[in-house]
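Listed in Swiss-Prot:
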type	residues	note
ACT_SITE	Asp77	active site, proton acceptor
BINDING	Asp77, Gly78, Asn151, Glu152, Asp181, Thr192, Ala193, Tyr194, Ala195, Leu196, Ser197, Asn251	NAD(+) binding site
Amino acid sequence: MKAGIIYNEGKPLAVELAAHVRRILELQGWEVHMATGIGGILGYSRPDSPVCHTPIDQLVPPGFDASMAFAVVLGGDGTVLSAFRQLAPCEIPLLTINTGHLGFLTEGYVADLEPALDQVLRGDYTIEDRTMLTVQVLRDQTVIWEALSLNEMVIHKEPLTGMCHFEVDVGAHARVDIAADGLILSTPTGSTAYALSAGGPVITPGVAALQLVPICPHSLASRALVFSNSEPVWIYPANPFKHLILVVDGNAGCYIQPEDQVFVQRAPYRARFIRLRAPEFFHVLQQKLGWGLPHVAKPRAKKSTDS
C-alpha cells in the first residue's frame, strides 16, 4: 500500500503535520512518499529568455505513480493547485487539508486531519472529479511551453496594464475580436477565482463548460462567454508591442510574442478530490464567499394550508 504527502515547505505547521501524517501511515504499514508544493511551481520566464518549458508529465515527483492509493495535501489553495499540477497525470486522489488562509479548495482544517485520515483509511469517502485545462504556447507550429491548469489561464500586458487586442477561435465558431486589458479562460473551479472578480458568472463544478472572460473590456457589449468544454480555444495576440505574459493558476508564466499562438483545451487528466461528505457547493459559496446570505432577518416562508 502506497500513499503520498504534498506539503507547503514554507509553512512550519504544514511541515510539522507532514511528518506527523507520515508517522501515522508508516505505523500502519503504508509506504509513504513526500514532496513539496514547490515542485508544481513552474516559475516565470524573462523577456530576454521567454521560453521556460517543463513538459507536463515531468512534474510528477519521484515515487508518485498510478499505484498510489491517495495523497494528503497540507497547505492552502496554492499548494492544492500545485499538487494537482504534479499528480493529475497519475490520477491520484487528494485529501486536501487547509493550513493556509481561505482554503476554498480544501476539504478540511487542521483540527479535522486525524479524523479525516482515519475515514480515508477505512475507505469511507467519495471522489469528485474536476475539469483541468492543458495550456500550450506554440511558436512556428512547435510547442515551446505547456502547463496544466485547474483554475484559469490569464493573458495580459507586461509589465504595465494597458489595452490588448486578441483574436479568439472557440471550436468551429466565428472568430471573435476582443479589446481588453487581458483575457481569462477559466474552468468551473476557476469561476470563483480571478474570473469572478472580473465579472464572470459562478459555474457549478459539475457543468461541462469553460468560460472566456475579458478583463476590463473596452466595449459595453463585451461580456463573459460560457461554452462547452469539448471545444478547443485558439488565442492569437494582435498587438503592436512586443510582449504579453501568460499566467496559469496565478504562479506559472510564459512571455508571449506577437507571432505566438496559445492553444487551450480540456485536459485528458482530472483533478480528483477526496470528499468525506457529499459535496455541497452552495454551502461552500456561503461559507467562504458570503454568497446567498440574507441581508436582514426575515420570517421563514410558510406553506399554505388552504385547500
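The backbone N, Cα and C atoms fix where each Cβ goes, and this holds for glycine too.
DSSP assigns Ser197 (NAD(+) binding site) to a helical segment in the three-state reduction. Distance between Cα atoms for Ala193 (NAD(+) binding site) and the residue listed as 'active site, proton acceptor': 11 Å, as a whole number. The most densely surrounded of the binding-site residues Ala193, Ala195 is Ala195 (count of other Cβ atoms within 10 A of its Cβ). In the three-state DSSP classification, Asp181 (NAD(+) binding site) falls within coil.
Asp77 (active site, proton acceptor) has Asn151 as its nearest neighbour among the binding-site residues Asn151, Asp181, Ala195, Ser197, going by CA to CA distance.
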